[in-house]
Amino acid sequence: MPKALWALAIGAFGIGTTEFIIAGLLPGIANEFKISVSSAGNMATTYALGVFIGAPLLMILGAKVEKKKMLLIAMGLFIIGNFLTTFSLNYPMALVGRAVTALCHGVFFGIGSILAADIVAPNKRTSAIAFMFSGLAVANLVGIPAGTWFSHMWSWRATFFVIMIIGVVSFITTLILVPKTKNHQPPSLKKELFAFADIHVLLAMGITILGPAAFFTSITYIAPMASNISGFSENGVTVLLLLFGFGLFIGNYIGGKLADKALMPLLYATLIGQAVVLFIFYLVVESQVATALCVFLMAAFGFATVSPIQRLVMDNATAAGAANLASAVNIGFFNLGNALGAWLGGLVIATGFGYAAPNWAGGCLSIGAFILAVLSSIISKKKKTENLS
């Protein structure tokens, strides 16, 4: 793999860590600022909103900026945001820091995906995107546990300081290793917006929302599910989360490799596989061995879809006339899927279906994503047939 992909993966690692680490830091933040844990949870909400707002806003404002420069601007915002959070004098300042950090998220992954695909051979494009997204998988496997340990040993501020340093490393490696875009042509905003009216782009973004949302429906509530039904201790739940992170890493690697050979068949297989695992998980959740296996497999199947889905959106948006804005906004839809999954899981539990219910609910979301993938293929084949005739 080109060295530039390592720079992109480092950035993805930093962003993934800063996004998801917040759950383990909330008690310390709440204690220092003398607020409730639920109020401290707004740091996660603020980040999610920042991703949704930042992706289209910065892509539109930076439409005429060369892609490498936009990556550097994004990492600059990442560094500034984590600096503000690290040295925040009060809770509102910490929230501002989270919002600034979030602005970089969609831009980095959106433009990073395009650059990753452009610097490799056509038959390795999805693998290159997956290599960048491996930073997210490693963040879940290593970054979040290490960051949580840092907060316990020192403070939550120390964790954000280290994340800021990772941002500096990413900025420097991007500056040195990532090539400039040759013959940069500023995209037409009209064409960029028009891509969102394309049925293929919309279906691909629907898969983005429903596919990864499926495993988030389950994993969000894995602690009460595993402790109350499976009988895991707190340490046991930690092991499950490590298995989940390992599954993300394996799934991302395999998904990227296989999607380069057969993208849509890979999506069909992983979405159905994810659904089957989640439905089985609902039935065998009382078994600790089965629970551990299902947690690993749902992560592997779930994250095997991520880079192929991003590639699908990029390809469909390019065919529609413009890929930059759609690629960045699609990253925001991944976050929307996470929120949808967490909401649906909470809903079925609150409705009285029990702690295991998020598993079958997630399975239904995965089936929904599979249906959208099939519809996308049918429409594409029909369009090709019409063009030939």
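Count begins at 1; order follows the chain as displayed.
Cβ atoms here come from the backbone N, Cα and C positions, even for glycine.
Note: TrEMBL annotation is automatic and uncurated.
Not measured: the values here are computed from a predicted model.
Listed in TrEMBL:
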- 4-384: domain 'Major facilitator superfamily (MFS) profile' (DOMAIN)
- 44-63: transmembrane segment (TRANSMEM)
- 70-89: transmembrane segment (TRANSMEM)
- 95-117: transmembrane segment (TRANSMEM)
- 129-150: transmembrane segment (TRANSMEM)
- 156-178: transmembrane segment (TRANSMEM)
- 199-223: transmembrane segment (TRANSMEM)
- 235-254: transmembrane segment (TRANSMEM)
- 266-284: transmembrane segment (TRANSMEM)
- 290-313: transmembrane segment (TRANSMEM)
- 325-354: transmembrane segment (TRANSMEM)
- 360-379: transmembrane segment (TRANSMEM)
* Determine which recorded stretch among 44-63, 95-117, 129-150, 199-223, 325-354 has the most C-beta pairs below 8 angstroms with the transmembrane segment (290-313). => 199-223
* To do: Please work out which recorded stretch in 44-63, 156-178, 235-254, 266-284, 360-379 has the most C-beta pairs separated by under 8 angstroms from the transmembrane segment (70-89)?
  => 156-178
* **Within-chain partners of the transmembrane segment (199-223) [C-beta distance under 8 Å, separation at least 6 from its ends]** => 237, 240-241, 244, 267, 271, 274-275, 278, 281, 295, 298-299, 301-303, 305-306, 309-310, 312-313, 316-317, 319-320, 326, 329-330, 333-334, 336-338, 340-342, 344-346, 349, 355, 358-359, 361-363, 365-366, 368-369, 372-373, 375-376, 379-380
* Asked: Counting only residues 6+ away from its ends, which parts of the chain sit with a Cβ under 8 Å from the transmembrane segment (44-63)?
  -> 19, 22-23, 70, 73-74, 95, 98-107, 110, 186-187, 189, 192, 324-325, 328-329, 331-332, 335-336, 338-339
